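Just dropping this structure here.
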């Protein structure tokens, strides 16, 4: 359907208006007509309605002549107007058209055809003029916009001739925009540059795609970089008819990029130098430290007095502390490089945390600060995680608490926040202290590197300021968070959480043994309320019946009341340091009381004093434990005192048995450091392996060529030829002659990437120095599993039965699972005990009580290693008689003791001679 043409007829003569209407009706065009008799009436309709064309009479009541056209165009510019005049006048027609009308017709000659043509012409001409005007305006706006741009814009035709360039181009190149029109790049630039520009243009024309590049222009010794975007110019049909280029100066950016690149390379060089320095420093420090820690561990595996063992443990702890400082520096380097990862393994969390709390407890006790450790009963026994990294966080937080706490206590607590559907425990750890606290304005930055709450803290308390930053990163790796709450002058509580999958082996460690102590009455005496509650919760969970006392006097009263009530306490757990009467004085009172002297006693102490331990031994204390007490060692102390043994699933004995499951191996050890040689050889030979030593990589290579070995343990850094090169040469030889010998790296380097370097060289395993027993064993065990060898039968722990000579499980545990050491102790026992008994008999015959006590006390100590049994019980009874001054009774008791010891000698002699095997 054709759209209607809307006509506004402005005519004051109604008769003439009717005639025009009649003519319009005679046409076949879809005209619609609005009529107005005056100019102002026409303007009203024009402004209020959609009008396509005006038929205008110039002689109106309110306007005459050409001014009428001007008035209408003032209201609606470019409105098509056809003027109808009373007479035909060429001059008037010319004037009308000059003022903006499109046509002029005399009313006397108007017919349908002429009027239709005139109307059509007026509309079409106006539309064309409007389009041309719009195009001109658009072109003007485009050029104005392009000329105002700070970037250079130019256009070329298909032949590469310039057809446009903006003002920025002229300013940048110095070429006048009008002068370059019609020219090409070959007229303006060097041949090679122009050829590149032309090829770029042709690429755009050929592909029809945008092209982007950074071009370098060098003029007058000055280099300029420009970024260029070239695009195709298309006509209305979409055909490519030329190219358009936009470019701008990026010299400053390019210089900045080059400077940044140089700075990055310099930083990488510095980082490599730092890493190399740290690696070398680590090697130089770890090498002697390896000897300190390793030899100390070896000494701890020998027969020692308890005092010697304690001193060696202190040396070991000092070495570990120095190692932790080195590790802090290296760990922070790894954190900076984003290369710090967790090594996930199952571990017994109470054992792990308990072990790390021991040296911390000694430090706290030296400051007269009580350190407590509490695990909620809901915490799983075995979880999967990085025990070393957890230890790092805990030791750092508790160590800080000790450092900044001068009075009061430090409480370490572990709870379960939740258990996920994936069987993961979200554990919540808290370290609460009563120390100096942290200012509120420092709480937000305390976990940043090199930040401390007070700049004076470093001078007064020491520290690098790295510890908490490392803790924060480690906690993040554990999928947890860390935060602190603190009140200045009152103390702080550090919290952190971690996600730990619950190990499948949960519940198989120790849990069965708790049934052996259920119902046993135990008295807990400690002036610290937190300690009392922790111990109470632990023994209640084992099914024991505890009662608590806040001091020695109250404890003594409860002991007597229990005897009077016919329900005496079997075991006493007492603190050493208490106000008023201390733990030793409490035990003295118990031993002096006839009705209480049989009470089994375990002493708990926050400080280590040789005199305290000797006092406890003199008072027949069953166990002396350092606070905070591990649940496992408390449990062991109780069951040993009761003469009860753990069931067959005792977990740590199995771990010791595992070391014996590897068949004897022929091992080539490559190590240049004498101390490290002795340590590694001692460990490997202790496990039954044959060791051949090479002192450098070349000697290791030659030795390996000359003989056959099961395994190579290779130091990485050695003179003449290092371990990496020696390994590469071994692997190259194996490619020709076949075979593959396992090679385990042994290195003091500890930076991220060191393990990868060893594996890349062809090594199969990796263990770092200082050399640790478990680490070395695990590195070897991965290649020689028990499945391919015949393993020794596992120890079968059993409860001591009446008439048994001694408990083998207890003895083996006392020797840290070392059967060779146990055999050595049995030899010493066979040789020394008869001489001690002769001295005892002589002293009793001469009423020399001091000499008698020293002799029997030594015998009791020897028997204590072998565990509870008839001989041990007889010796302790005789010792008590001497302590009480009843030498006559003591002399009577020597006969039964000799009898029981003879049975023990016989069995021990059979074992030492090989006639009977250890169970």
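Just so you know, the numbers here start at 1 and follow the chain as drawn.
Just so you know, glycine gets a Cβ as well, placed from its N, Cα and C.
Just so it is clear, the model here is predicted, and its values are computed rather than measured.
What TrEMBL records for this protein is below:
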- 6-122: domain 'Response regulatory' (DOMAIN)
- 57: 4-aspartylphosphate (MOD_RES)
- 138-206: domain 'PAS' (DOMAIN)
- 210-262: domain 'PAC' (DOMAIN)
- 280-502: domain 'Histidine kinase' (DOMAIN)
- 521-642: domain 'Response regulatory' (DOMAIN)
- 575: 4-aspartylphosphate (MOD_RES)
- 666-784: domain 'Response regulatory' (DOMAIN)
- 715: 4-aspartylphosphate (MOD_RES)
- 818-915: domain 'HPt' (DOMAIN)
- 857: phosphohistidine (MOD_RES)
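Explain the structural surroundings of these features, please.
Applying an 8 A CB threshold to same-chain residues 6+ apart, the list for residue 57 (4-aspartylphosphate) reads 10, 11, 12, 13, 16, 83, 84, 85.
Sorting each residue of the domain 'PAC' (210-262) by its DSSP state yields 12 helix, 32 strand, 9 coil.
Per-residue pLDDT, averaged along the domain 'Histidine kinase' (280-502), amounts to 82 for this model.
Each residue in the domain 'Response regulatory' (521-642) gets a DSSP state, and the totals come to 57 helix, 25 strand, 40 coil.
Every protein chain shown contributes to the tally, and the Cβ of residue 575 (4-aspartylphosphate) ends up with 25 other Cβ atoms within 10 Å.
Around residue 715 (4-aspartylphosphate), the same-chain residues at least 6 positions away in sequence with a Cβ under 8 Å from its Cβ are 670, 671, 672, 673, 676, 723, 746, 747.
Residue 857 (phosphohistidine) is surrounded by 19 other CB atoms, counting those within 10 A of its CB over all protein chains shown.
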Is the count of Cβ pairs under 8 Å between the domain 'Response regulatory' (666-784) and the domain 'PAC' (210-262), pairs 6 or more apart in sequence, 3 or more?
no
According to DSSP, how is the domain 'HPt' (818-915) divided among helix, strand and coil residues?
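Going by DSSP assignments, the domain 'HPt' (818-915) contains 85 helix, 0 strand, 13 coil.
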Quick one: pull the CA-CA distance for residue 575 (4-aspartylphosphate) versus residue 857 (phosphohistidine), whole Å only.
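About 24 Å separates the two Cα atoms.
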If you count Cβ pairs under 8 Å, which stretch among 210-262, 521-642, 818-915 touches the domain 'Histidine kinase' (280-502) the most?
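By Cβ pairs under 8 Å, 521-642 leads among 210-262, 521-642, 818-915.
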According to DSSP, folded down to helix, strand and coil, what is residue 715 (4-aspartylphosphate)?
strand
